[in-house]
Amino acid sequence: MNNKYMVSWDQLHRDCRSLCRHLINLEHEWQGIIAITRGGMIPAGIIARELGIRIVDTISVRTYSHQTISEPQVLNDVTATQNGAGYLLIDDLVDTGKTAQFVRERLPQAYFATVYAKPEGKPLVDAFITEVPQDTWIFFPWDLDLDYAKPISKHADE
Ligand SMILES: O=P(O)(O)OC[C@H]1O[C@H](OP(=O)(O)OP(=O)(O)O)[C@H](O)[C@@H]1O
Ligand SMILES: Nc1nc2[nH]cnc2c(=O)[nH]1
Ligand SMILES: [Mg+2]
């Protein structure tokens, strides 16, 4: 994928807090949160803090190896609930929707929210905050490093 969308820790925190405001406006008493690991873990932690939720479970699903998609694989299943009723289901993003569809089949009653969404996958989630184009790869702060940036003009260092 040629285009990149780089997310800083600040932006991630802001976008997670925007998602929290949406969730609070639903005025629902959540039983707990289920994070889809690994990507959903940091957003789920921020949401747990803002909403005062202390029960956080996980379902570990792997669909990608770097940027190559394959079939979703459950590496560790959720334990707290049968069908997700009363739970918030949190992932970092929905792209093709393959992971979301797979998890939804297991937890059909959960309220599914992601921080970022691409057009193909967005119909599969109940809520998201920021839309990113389909041809763009999202880089999260936990995958990035602070590094030297070359000047935009090729004459700048002369
Ligand atoms: O909508 P999709 O096309 O299915 O892509 C979205 C999924 O891909 C990433 O997970 P990944 O499989 O890379 O595992 P990870 O969360 O452990 O990094 C991301 O965290 C979502 O869970
Ligand atoms: N980090 C990251 N993981 C993904 N998994 C599926 N799409 C994406 C993406 O755009 N960025
Ligand atoms: Mg994931």
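Even glycines carry a Cβ here, placed using N, Cα and C.
What TrEMBL lists as 5-phospho-alpha-D-ribose 1-diphosphate binding site is ARG38, GLY39, ASP91, ASP92, LEU93, VAL94, ASP95, THR96, GLY97, LYS98, THR99. For ASP92, the entry in TrEMBL reads Mg(2+) binding site. What TrEMBL records for ASP95, ILE138 is xanthine binding site. Feature annotation from TrEMBL assigns guanine binding site to ASP95, ILE138. Annotation source TrEMBL lists GMP binding site at ASP95, THR96, GLY97, LYS98, THR99, TRP137, ILE138. Residues or ranges marked as domain 'Phosphoribosyltransferase' in TrEMBL: 8-148.
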Where the criterion is a Cβ under 6 Å from an atom of ligand 2, which of the binding-site residues ARG38, ASP95, THR96, TRP137 meet it?
ASP95, TRP137
Using DSSP reduced to three states, classify THR96 (GMP binding site) as helix, strand or coil.
coil
Most Cβ neighbours within 10 Å: which of the binding-site residues ASP91, ASP92, ASP95 is it?
ASP91
Over all shown protein chains, what is the count of other CB atoms within 10 A of the CB belonging to GLY97 (5-phospho-alpha-D-ribose 1-diphosphate binding site)?
18
For a quick check of packing: other C-beta atoms within 10 Å of the C-beta of THR99 (5-phospho-alpha-D-ribose 1-diphosphate binding site), how many?
24
These are the binding-site residues: ARG38, LYS98. Which one scores highest on other Cβ atoms within 10 Å?
LYS98
Give the residue counts of the domain 'Phosphoribosyltransferase' (8-148) per reduced DSSP state, in the order helix, strand, coil.
43 helix, 47 strand, 51 coil
Expressed to the nearest Å, what is the distance separating THR96 (GMP binding site) and ILE138 (xanthine binding site) at their Cα atoms?
13
If one measures from the C-alpha of ASP95 (5-phospho-alpha-D-ribose 1-diphosphate binding site) to the C-alpha of TRP137 (GMP binding site), what distance in angstrom results, rounded to a whole number?
9
Using only the residues recorded as binding 5-phospho-alpha-D-ribose 1-diphosphate (ARG38, GLY39, ASP91, ASP92, LEU93, VAL94, ASP95, THR96, GLY97, LYS98, THR99), report the maximum Cα-Cα distance in Å, whole number please.
17
By CA-CA distance, flag whichever of ASP92, TRP137, ILE138 among the binding-site residues is nearest to THR99 (5-phospho-alpha-D-ribose 1-diphosphate binding site).
ASP92
Once the chains shown are all counted, how many other Cβ atoms turn up within 10 Å of the Cβ of LEU93 (5-phospho-alpha-D-ribose 1-diphosphate binding site)?
23
Rounded Cα-Cα span from LYS98 (GMP binding site) to ASP91 (5-phospho-alpha-D-ribose 1-diphosphate binding site), Å:
13
Restricting attention to the domain 'Phosphoribosyltransferase' (8-148), give the mean pLDDT.
98
